[in-house]
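Student: This structure is in structure tokens; I'll ask about it shortly.
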Amino acid sequence: MTVVVVGSVNIDLVVHTPLIAPPGQTVIATGSGTGPGGKGGNQAAAVAHLGGACRLIAAVGPDFDPSTLPGVDLSLVRTTAEPTGLAVVMLDPSGENAITVVPGANALLSPEDTGSFTGPPGVLLASLEVPLPAVTEAARAAREAGWTVVLNPAPARALPASLLADVDVLVPNEHELAALGAPDDLIAAGVGAVVVTLGAAGCRIHRPGDVRTIPAHPVQAVDTTGAGDAFCGALAWALDTGRDLDTAVRFAVVAGALATRAVGARAALATAAEVTAQ
């Protein structure tokens with residue numbers, strides 16, 4: 001089957017800094033570099049790296065380099081006159097980060113780009129660095145076509161009831177969950193399950209009448225940028241291959257951890273064999 005990813009494509013400017021500056025403070029960086037990023041791009045790359053069939057729906061600028069997404073079907077990526085999105089990633093020595101995104105072409109993704117799902121049902125994986133109407137239409141169309149809908153609600157924002165009702169698996173981190181509301185309330189609104197990522201503490205699965213914690217996979221983290229995207233991509237891939245939610249989440253926990261082994265959102269993406277060998 002296929003994982004369709006709806007989301008952003010960015011160029012990442014990674015700034016290495018001894019600490020992430022609080023408001024009003026200036027910090028001298030120790031270095032910088034650029035690389036491919038964006039939640040949609042990272043998630044699609046993760047699926048392809050695992051060996052899955054993946055199609056990306058996104059909007060980019062003339063500066064987009066398709067060679068940064070090997071193995072991903074880019075036939076539904078629309079080129080606009082706006083530059084590709086930019087993410088400024090402040091990275092400290094512990095691997096923690098703070099990210100600011102300039103949307104660029106991502107802001108031009110529209111419902112007309114995202115509303116068609118054909119072929120055997122697969123998994124839609126969407127995130128929120130693109131306009132909400134595009135995501136809402138993608139979820140509606142995918143659900144109507146019998147696809148499984150996975151939503152990574154990042155960055156957090158208020159979500160319409162119509163979108164929540166179309167989501168099978170919602171994947172927020174703790175900060176995003178705080179903005180969205182209690183898992184029980186989200187499930188009451190129609191979400192099938194809420195998978196809360198907890199960083200070094202693993203993750204928690206909320207379903208009607210059931211909560212369980214999946215422990216983290218031990219790893220020496222170098223850069224956590226893109227770890228959540230690797231988790232989401234692996235979760236979507238695992239669900240698309242027929243794994244149940246618990247098994248898929250355990251697989252995704254390992255894939256997300258392995259993605260932190262090198263600097264860059266896609267530098268340490270794991271293969272399926274690497275994940276299952278852990």
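From the backbone N, Cα and C atoms, a Cβ is placed for every residue, glycine too.
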Student: Looking at the substrate binding annotation from TrEMBL, with Asn10, Ile11, Asp12, Gly38, Lys39, Gly40, Gly41, Asn42, Asp229 already listed, which candidate in Glu129, Glu144 is the matching residue?
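Tutor: Candidate listed by TrEMBL for the same site: Glu129.
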Student: Can you tell me which of the binding-site residues Ala200, Gly202, Gly264 is spatially closest to Lys39 (substrate binding site)? Compare CA atoms only.
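Tutor: Nearest in space to Lys39 (substrate binding site), counting only the binding-site residues, is Gly264.
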Student: In whole Å, how far does the CA atom of Gly264 (K(+) binding site) lie from that of Asp12 (substrate binding site)?
Tutor: 9
Student: Measuring Cα to Cα, how far is Asp229 (active site, proton acceptor) from Gly202 (ATP binding site) in Å?
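Tutor: With the alpha carbons as reference points, the distance is 15 Å.
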Student: If we check Cα distances from Thr225 (K(+) binding site), which of the binding-site residues Asp12, Gly41, Glu129, Leu198, Ala200 wins as closest?
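Tutor: Closest by Cα distance to Thr225 (K(+) binding site) among the binding-site residues Asp12, Gly41, Glu129, Leu198, Ala200: Asp12.
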Student: Which three-state DSSP class does Asn173 (ATP binding site) fall into?
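Tutor: For Asn173 (ATP binding site) - judged by DSSP and reduced to three states - the answer is strand.
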